[in-house]
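> Pasting the relevant annotations from TrEMBL:
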type	residues	note
ACT_SITE	GLU106	active site
BINDING	ASP11, ASP105	Mg(2+) binding site
DOMAIN	7-191	domain 'UmuC'
REGION	410-445	region 'Disordered'
SITE	PHE16	site 'Substrate discrimination'
Amino acid sequence: MRGEASVLHLDLDAFFAAVEQRDKPSLRGKPVVVGGVGGRGVVSTASYEARVYGVRSAMSTREARARCPHAAFLSGRFHAYRDTSERVMRLLRDVSPLVEPLSLDEAFVDLARSDLDDLSVPSVTAFAERLRERVVEATGGLTASVGVGTSKFIAKVASDLDKPDGLVVVAPGTEQDLLRPMPVRVIPGVGPATAERLRRVGVHTVADLEQISEEEMVRLLGKASGHWLYSLARARDDRPVVAEREAKSVSVEGTYDTDLTDRRLMESLLTRQAGEVSGRLRKHGLSGRTVTIKVRLHDFTTLNRSTTLGSPTDSPATIARLARSLLADLDTSGGVRLLGVGVSGLADWVQEDLFGETAEEEVEELPEVEVPHHSRRTWAPGMDVVHTEMGRGWVWGSGRGVVTVRFETAETPAGPVRSYAMDDPELSPWRPPESTDETGSPPPA
Ligand SMILES: [Mg+2]
């Protein structure tokens, strides 16, 4: 914990949904739900207009449809989210060399390393207000909520206090007063399972938690978690803002005496390795956004394949699923002598429960985007398309051989709707010219 409020946390409001409303004028001010649109889909982000109806992240899309049937259900456009995120991250790196992104829409900024020489509360407040205005300009209208405090923990708590489009600066010395009435879930790493364990011993708020001795906490939750909660309950958090997280990784690999050829065996080995990687991440309170597999073929060619999520994960199910899908794209018919799974892009901010599986296991589910099967045309709701005569638009819906398109972009007014045969040669998917690939190498500044 620092003597001055110099850690800033910025969180874009309803990010995926806000990007959709920016790019689809007819949806502005209306309920929008981005996520998996299929039978087992999960909501990734709901616009504030949809939240009024009780739609929330991680809810099944089926339930979201029941609660808000008139919402626009979109499958998401990762390229647009990444592009918008990069504009914001560049802006933040202009402010300070120490920027730590947590996901596409969230980052910590160390103001002690900025040009601000006065870190008093009024000065930091004015600075953060200007920064929020610049985010609106840089993103074409997206708002951000910002929190500033003496630690990462307090800054993150603060940014959530006045969402959306809010700013809260927690004055040094007032941290514990702020935290005490809050539920224990406010502490990072305390998910439903831990909260339940604490509830059983009568601990509901941070004030309750403060009454528990360190020994008791360790006995209840284990050594690492016990010490962690004991400190955080007292607002003691000295974690530095760290740029260049991407270099760190946690990985597990195995070499095999005989070349593996059975695909199902390889998948189960990857699944087991994903479990070990997840265990090590959780043990250290880490999570990461990039999942990589390493495959050495019978001729000693070594292949690395990776994919990047919108937000960090430490979930064994998510890591395993991504690892298996990466393997699916490789030709391993000649045999494999080494397999490995790694997670990089690490943040020490676990967004889910530190202590065990929860019902929210699939929270990190990405919207179903960027299906690389160019052989078969799929018209996902919300995707960008271009028509030879009508120009650019987006898929409103499709089915029974027909795709319906609304022709509008961020720069046009709400536009007209037309329907076409799904195989109409004049209609094709649209991608930005300089979009990055799935592994997300950043474009030149
Ligand atoms: Mg956000």
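Residue numbering: from 1, along the chain as shown.
Cβ coordinates come from backbone N, Cα and C, glycine included.
Buried or exposed, and what's around them? Tell me for each listed feature.
Reduced to three states, the DSSP call for GLU106 (active site) is strand.
Counting every protein chain shown, the Cβ of ASP11 (Mg(2+) binding site) has 20 other Cβ atoms within 10 Å. DSSP assigns ASP11 (Mg(2+) binding site) to a strand segment in the three-state reduction.
The predicted model assigns the domain 'UmuC' (7-191) a mean pLDDT of 94.
All protein chains shown were included, and the count of other CB atoms within 10 Å of the CB of PHE16 (site 'Substrate discrimination') stands at 30. In the three-state DSSP reading, PHE16 (site 'Substrate discrimination') counts as helix.
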> Give me the CA-CA distance between PHE16 (site 'Substrate discrimination') and GLU106 (active site), in Å, as a whole number.
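Each residue's Cα considered, PHE16 (site 'Substrate discrimination') and GLU106 (active site) end up 12 Å apart.
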> In Å, rounded, how far does the Cα of GLU106 (active site) sit from the Cα of ASP11 (Mg(2+) binding site)?
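Distance between the two Cα atoms comes out at 5 Å.
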> Specify the count of other C-beta atoms within 10 Å of the C-beta of ASP105 (Mg(2+) binding site).
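Total other Cβ atoms inside 10 Å, all chains included: 24.
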